[in-house]
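Presented below is the structure to which this report refers.
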């Protein structure tokens with residue numbers, strides 16, 4: 001089985017559209033195409049044929065290019081069946097535990113509510129690649145626009161349980177600001193300090209911080225560490241449950 005080839009297409013200043021190419025079949029998916037033009041350019045440069053769009057959630061900075069791309073390519077649009085009315089051009093509705101095939105490779109669908117109630121993620125097990133939209137960021141998580149802290153903690157816990165070598169392809173280049181915030185709540189975390197140094201080097205070189213590695217996120221991302229008693233103690237929440245801790249961290253981030 002050939003490995004997936006994954007290209008990041010920067011759009012809208014801090015968004016990424018991920019192009020996922022399965023070389024044996026020639027099939028290619030665009031994950032969360034916010035706009036069409038840069039996607040067309042990247043496909044042309046690579047000589048790839050777009051066959052699928054994978055949608056993580058309905059926000060326009062993840063779906064704005066779908067209609068134009070679908071008209072031009074005839075690709076199949078896949079997203080949460082329970083959010084069909086908010087996803088333009090949806091062809092195939094999926095729910096938690098479903099699988100999506102891209103050539104020889106298969107992605108498992110995770111329903112991960114929190115940022116929105118209809119958010120999903122796609123995990124390609126054979127390639128250890130997770131496309132998680134705005135649920136899990138590099139050293140962060142998405143703002144809770146529709147879901148609850150309980151939902152977000154359950155979603156993050158499900159993703160954290162994936163193999164630690166999993167590469168995390170989130171949809172935004174927010175890592176520098178996320179690191180600044182994380183250091184304000186967890187300044188003694190050696191893994192976080194190491195990640196901060198790495199992020200600074202990458203951005204100085206004009207390189208993306210995405211993908212990150214799930215095992216590194218588990219050690220450095222405060223939102224994935226809401227069940228760590230030491231972090232709870234530092235926040236003045238000794239003995240609190242993880243949902244309470246996550247809600248506190250998220251509220252601090254919203255004010256940061």
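Every residue gets a Cβ built from N, Cα and C, even glycine.
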Per TrEMBL, 57, 59, 134 bind Zn(2+) 1; matching candidate in 115, 150:
115
Going by the Zn(2+) 2 site in TrEMBL, where 61, 62, 134 are listed, which of the candidates 52, 172 is also part of it?
172
Quick check: which same-chain residues outside 61, 62, 134, 172 lie with their CB within 8 A of the centre of the Zn(2+) 2 site CB atoms?
15, 32, 34, 56, 57, 59, 133, 171
Sorted by sequence, non-57, 59, 115, 134 residues with Cβ within 8 Å of centre, Zn(2+) 1:
56, 58, 62, 116, 119, 133, 135, 142, 145, 171
Starting from each candidate's C-beta and looking 10 angstroms out, tell me which of the binding-site residues 57, 59, 172 has the most other C-beta atoms.
57
Tell me the coarse DSSP state (helix, strand, coil) of residue 61 (Zn(2+) 2 binding site).
helix
